[in-house]
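Features reported for this protein in TrEMBL:
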type	residues	note
DOMAIN	A:37-564	domain 'Cytochrome oxidase subunit I profile'
TRANSMEM	A:94-121	transmembrane segment
TRANSMEM	A:133-154	transmembrane segment
TRANSMEM	A:196-222	transmembrane segment
TRANSMEM	A:234-262	transmembrane segment
TRANSMEM	A:282-305	transmembrane segment
TRANSMEM	A:317-338	transmembrane segment
TRANSMEM	A:350-372	transmembrane segment
TRANSMEM	A:384-407	transmembrane segment
TRANSMEM	A:427-447	transmembrane segment
TRANSMEM	A:459-481	transmembrane segment
TRANSMEM	A:501-526	transmembrane segment
TRANSMEM	A:596-615	transmembrane segment
REGION	A:651-671	region 'Disordered'
COMPBIAS	A:651-665	compositional bias 'Basic and acidic residues'
Amino acid sequence: MSSATAEVHTTHHHAVADKTQLAPEKSLLGLTRPDRHTGWIDWVTTVDHKKIGIMYGGFALLFFIIGGIEALMIRLQLSVPQNDLITAQLYNQFFTMHGTTMIFLGVMPLSAAFFNFLVPLQIGARDVAFPRLNTFSLWTFVAGAFVLNISWLFQFAHTVGWFGQGLVHTDMAPSGGWFGYAPLTGDKYTGIGTDFWIVGLQILGVASLAASFNFIVTILNMRAPGMTMMRLPVFTWMTLVTSFLIIFAFPAITIALAELMFDRYFGSNFFRTENGGQPILWQHLFWVFGHPEVYILVLPAMGIVSEILPTFSKKPLFGYPIIVFSGAVIGFLGFAVWSHHMFTTGLGKVATAAFSLLTMAIAVPTGVKIFNWMGTLWGGRIKFTVPMVFSLGFIWMFMLGGFTGIMHSSAPADAQQQDSYFVVAHFHYVLLGGVLLGLLAGLYFWVPKIFGRMLNQKLGYWTAFLVIAGFNITFFPMHYLGLTGMPRRTHTYLGDMGWNLWNLVATIGAFILGIGVLLCFVNIVYTVFKGKKCDADPWGGRTLEWSTPTPVPAYNFAATPIVQARDCFWVHKHGDKKIEYMPDDGHGIHMPSQSWFPLLCGFGFAFFGVSMAMMGAGVPYAGYCAIAGLSAVFLGVYLWALEGPGGYHLEPPHEEGADKPHDAPASHAAH
Amino acid sequence: MPSANPPLDDQLLEEIHADQNTNTGIENKKLIMWLFLASDCMFFGTLISTHLIYRKLYPFGHPEEGAVNITGTFDIELTSFSTFILLMSSFLMALAVSSMHKGAIQSFRNYTFGVIIFGLIFLAGQVYEFQHFYHGQGWYDWKVSSNAGQVIVGNEKNKLLFHDVANTAAAKEGFGHEQFGLELLSFTPAEGADLAHPPITFKYEVELPDEVGNAPETFYGEYIYNPTDPHASQVVVLSEIPPPPVIEEAKEAPKEEASDDTAKADSGGKTDASEKAETTEEAEAPAEASETKDVTAAQEQTEAAEEHVAESTEHTEAPNEHATEKHTEDTHNEAHPHTHTPAPTSMAEVTKAAKETFKHSNYGFELNEFKQVQVVPGLDLKTSVFGSTFYVMTGTHGTHVAIGVLWLFSMLVYSYSGRLTPRHAVDVEIAGLYWHFVDIVWIVIFTVVYLVEYI
């Protein structure tokens, strides 16, 4: 830095100091900008993508447990015919919240955890493009999850007689199914459970959209020199495609939910059949989001598997460009197949035929990916590590789910399978056998990078065995149950339908699966605190994240790497194209400052969501509380814009291994 | 862990950020705005398609045919004007961005101020529109005729023009004057009137242009409309609002009261204000009657013209056959005993003006018959899918405009406080992107929601 600049800088310093005193966070809300890097204040105000990723992962695992308990309750109720363990209404609430929780609070945030932790590392960036927006996404997600799940407390309060005794509808937790078909979710048929569901999903939508904008900008704009698009790790590519899917698919459901909300709160007629509202409109709006959502769930898992297979086959990914383009084509086609969820609504011959064909077509890029993964394995020196076992399980189970998917693409066959347990089997093979196995593979693969400790491998193999076995015992019989006519979402069934045996088997399988997943979580929690330490690159990784020290320093890369090849770290270790680093530019590493305001927005959203549901229940002044909550969000965003990115300088350590703090040299002391 | 240095100041941050060349060459914040707008396209796309689907399914906005009079609702002139204003605001926005890039901060301020004002005009138009759509202001086609054979036909919102559809010569005779330029200036629901709960009280304002070159005179009235019994609703009380210029004919005082009672009975759901007005009038009646005699005895000749004022007023207040006929026979030379009490309110001047009007413009004109040609209830979220989709869609757009105005206003303020300088031109550019987008969305909404109805 030239001395002239330093002078200008110094003169400006006083102005800034004055401005800081006038800054709204001090005078308005009494919130000084946090600069602590330890303790809970650091965690709730952090802008570090790695910490945010860890928190996303923690919340996701929590909700996996909650969603899993809901699933086990469903299976317990169905284990024997004419069971009266839980009421029909509670059963409805369990399957609604199971689906909603697993999709929006389990799989999506766990994917987001990987996006957050890995994407900046994989592209050689020091953080995401908008660090505070990233924090905002996290707390907004937590707020939405809170609003959805707090409904259980209201259900409990209602059951014991503390709340809402005068209400017409007694469902305090959502009960309309995860796709919430209107007018079933209108105010005629469901109570404030649906309000919690509507507002909770809208808040989650805000979180997903904000995160997606952030990741797209990060991936497009912040790649290290030489990291061209066709050198991007496939996981990052799939993050990009997923983010685009989110920004184009979520508006449809957000508007559908807003319309339903207006119907429920303000008496509009979007889905009010007596005044001309069309139930099919909801189905279209929901599924034009809902089908891309399926790919939003599965593409990150595909990206994870695409990272793991080459690592443990000791081969580059077979047909990298084809894998990438297949992912993109899946993303495009994902928007053109939604009506296959609605074949039985009577769309007309042309529409049905078109959507049938497009649905079959989407199997092509998916099949291409599977063949490419096989090609990667072919002739490789395969090491059956735990992540590898999960990845192979992913390919196998996802393929089975894909096969039944192709069966559904045929409209006449689909008409028979619609709303039967066959469909339940299909999407659990795709989402559990596919997505969850992929995510578990990712956990076993990257937890050593995240925490610097190896997950217990023996427990890992047990987990893999229990999860894959339990999963198949649970869901394979459902194909049979469905084809023999067992309807989906039935609360109970008669004993002479021939479904008794397989339902019992499925319930037993569900518990095996549950034990397997629990084992995995115990393993993770144990590892985080007591696990065996490992070095920075325990697997012999291929991509840039393995080139960083473990645990990864706040600035990720002391010097920005210059990438010269695909799989650059592999080539760096075993080939001739070494990773080089940008020269030190002399003014240290610019780090973004922490902020309170994303957290304030999260609180605002949570308050808004609960108040909206209370408004639905007729609680006095709840409407004003909702306005106050939303105002807090707007205030938070406004003040956050006002406070600016801020920042401070870190001097990277000059000696390897010495993570030495930089004691403000003369050139910086003036600041 | 490395320790933090003191915070950096803006200038250094700016230099640092400028050093970070992005891969695409587009600044991060600009790229994220483009992405947001891409996503916003889908938001508006969903809203607009919802509207169009229902528009196609129910051309009249409701499953029951003819439930919503769409062209009757829209005020296409106003909306066209709003659209033009919004377009021009985009033009100013472009100039503001360009000024900031050139470092001309004062021009930036001027143009941004213009954008804000235009944005506010647009919003005001929308508020006005929503209010009038909601109250059904534009939802009534009216046919108003006078006892002299004049017919008022109108379906405009605030202004019902008098058209002479009867024989002109006969009408001339009936009026005794060549004065046909009567205009009903306004016809609006009274304060607190709820179109959903009849009977409804309207206020009207009639202008009588003067042929001899005097300034046009205006008088006021009240009309109580009862859709459940249209006959009972044909009660017109002239010069009631603003505060009653109480002008009554002494000998007809009892009749007056009776008709007032009728009016009151007819207007069961009338607002407190109008009821109060009537009560006052009734209470004052005896006092007026006694005063009347003195006044008439002393000033019968000098106030001859004034009598006609009272006459007309009385007739319109009690539009029974008898009164109407009597009125038609009236001439300027006839004098009837009558009286008036100056209204003891601040609106005394208005009263005087109304009296003056009638002094020299007794054309026999009476608003004694209001016939409703078509009734369409006010448009709200609940009445039809058309209302639901219309309000949510245009409301979402209005919210976007309001946020944009707030954003630009903040920028304007910070340009004065020194926070926003030409170094932040890209921030202005981003706000500009947003503003242009909101404008483009409106062009689409204006075309597919408003204009399409007039093709």
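Cβ coordinates are placed from backbone N, Cα and C, and glycine is handled just like the others.
Bear in mind that the values here come from a model prediction, so they are computed numbers and not experimental data.
Summarising model confidence by region, the domain 'Cytochrome oxidase subunit I profile' (A:37-564) averages a pLDDT of 95. Contact count against the transmembrane segment (A:196-222) (Cβ pairs under 8 Å) is highest for A:133-154, out of A:94-121, A:133-154, A:350-372. Touching of the transmembrane segment (A:384-407) and the transmembrane segment (A:459-481) is concluded from the presence of at least three CB pairs under 8 A, sequence neighbours closer than 6 excluded.
Taking residue pairs at least 6 apart in sequence, the transmembrane segment (A:317-338) and the transmembrane segment (A:350-372) share three or more C-beta contacts under 8 angstroms.
Listed by sequence, the residues of this chain that lie at least six past the ends of the transmembrane segment (A:501-526) yet keep a Cβ under 8 A from its Cβ atoms are 61, 64-65, 68, 71-72, 75-76, 78-81, 440, 443, 447, 455-456, 459-460, 462-467, 469-475, 477-478, 480-481, 493. At the 8 Å Cβ cutoff, the transmembrane segment (A:282-305) and the transmembrane segment (A:133-154) share fewer than 3 close pairs (sequence separation 6 or more) and do not count as touching.
Listed as Cβ neighbours of the transmembrane segment (A:596-615) (distance under 8 Å, sequence separation of 6 or more from its ends, same chain) are residues 25, 29, 31, 33-34, 44-45, 132-133, 135-136, 138-140, 142-144, 146-147, 150-151, 154, 192, 195-196, 199-200, 203, 206, 261, 265, 622-623, 625-626, 628-633, 635-637, 639-640, 643.
When Cβ-Cβ distances under 8 Å to the transmembrane segment (A:234-262) are tallied for each of A:94-121, A:133-154, A:427-447, the top count falls to A:94-121.
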